[in-house]
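Q: Please see the structure below; I have some questions.
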Amino acid sequence: MEEKEFKSGFVALVGRPNVGKSTLMNYLVGQKVAITSNKPQTTRNRISGIYTSDRMQVIFVDTPGIFKPHSKLDDYMDKASLSSLNDVDLVLFMVEPEDMGKGDQYIADLLKEVKVPVFLVINKVDQIHPNKLLPIMDSYHKLDGFKEILPISATQGIGIDDLLNTIYKYLPAGPQYYDADQITDRPEYFVVAELIREQILRLTSQEVPHATAVVVDQMNKHQNGKLVIEATIYVERDGQKGIIIGKGGKMLKQIGIDSRKEIERLLGEKVNLRLWVKVQHNWRSDPSFLKQIGYDKKELG
């Protein structure tokens, strides 16, 4: 039997907010490396998930959802999405199983300038009857620019084998860039900060989640064997600080409990998590503060 050629490459996940890019990446790598929520703009930074098998290694670049910017942070997120298309081997343009709206069309127009193959990936097909999916797929087939059109469900695993087989077909032969057990290119403290932010997204509402940034100040082993993590939650106004802390500190305690469970699951060890809340007025439009907490445009090349 002929041995399969080993292939490797970088694949960008692109689409509107909340189409399931992070969910797909987490499914493919088998562990949570990108946070998810039902709120727009959950992903802020580029983060890569690494899928390795005996025939290929794929570095999936999960980008912030593309939308029209309203603040410096929004502008950073949009540039983070678009910059990831400059140096990848494939682009997966993710949409929901519905007719193409203005947001999708905006992205489709941007992708016409991309020089690498673009796959249209229709996610959440488990949420629609097959009879309704077929005409939607037909309408997408009439559009130019897509090398492949693939229906999947990132939560149920539907169509994932076909997706991986198709990616393999298009990838170039190449080396294994990362160890087989490495699942992300981001350091642990980055993923830990994101897991805390995920719980804030889940537990708070209105403007509070989007006015929040999390910075891990230190991660140190304690004498009792527990890992001690100290992190600061930044908000823009005193009122938001009060909401994060909650009556009698209840909300902050709940954020801490739920975050600790996710962090322990990720790291596989007991964690002592200590959280502080600070006000940094209008941080989303403050370039120097954005740089200080890791939203550095130098990263965008």
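Glycine is no exception: its Cβ is also placed from the backbone N, Cα and C atoms.
Dumping what Swiss-Prot says about this protein:
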| type | residues | note |
| --- | --- | --- |
| DOMAIN | 7-173 | domain 'Era-type G' |
| REGION | 15-22 | region 'G1' |
| BINDING | 15-22, 62-66, 123-126 | GTP binding site |
| REGION | 41-45 | region 'G2' |
| REGION | 62-65 | region 'G3' |
| REGION | 123-126 | region 'G4' |
| DOMAIN | 196-281 | domain 'KH type-2' |
Q: Looking only at the region 'G4' (123-126), what is the model's average confidence as pLDDT?
A: 96
Q: Helix, strand, coil: count each for the residues of the region 'G4' (123-126), based on DSSP.
A: 2 helix, 0 strand, 2 coil
Q: In terms of Cβ proximity under 8 Å, which residues at least six beyond the ends of the region 'G4' (123-126) contact it?
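A: For the region 'G4' (123-126), the list is 19-20, 24, 94-97, 133, 151-156, 158-159.
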Q: Enter the number of other CB atoms within 10 angstroms of the CB of THR63 (GTP binding site).
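A: If we count other Cβ atoms within 10 Å of THR63 (GTP binding site), we arrive at 24.
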Q: Within 10 Å of the Cβ of VAL125 (GTP binding site), how many other Cβ atoms are there?
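A: Result for VAL125 (GTP binding site): 22 other Cβ atoms within 10 Å.
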Q: Sort LYS21 (GTP binding site) into helix, strand or coil using the DSSP assignment.
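A: The three-state answer is helix.
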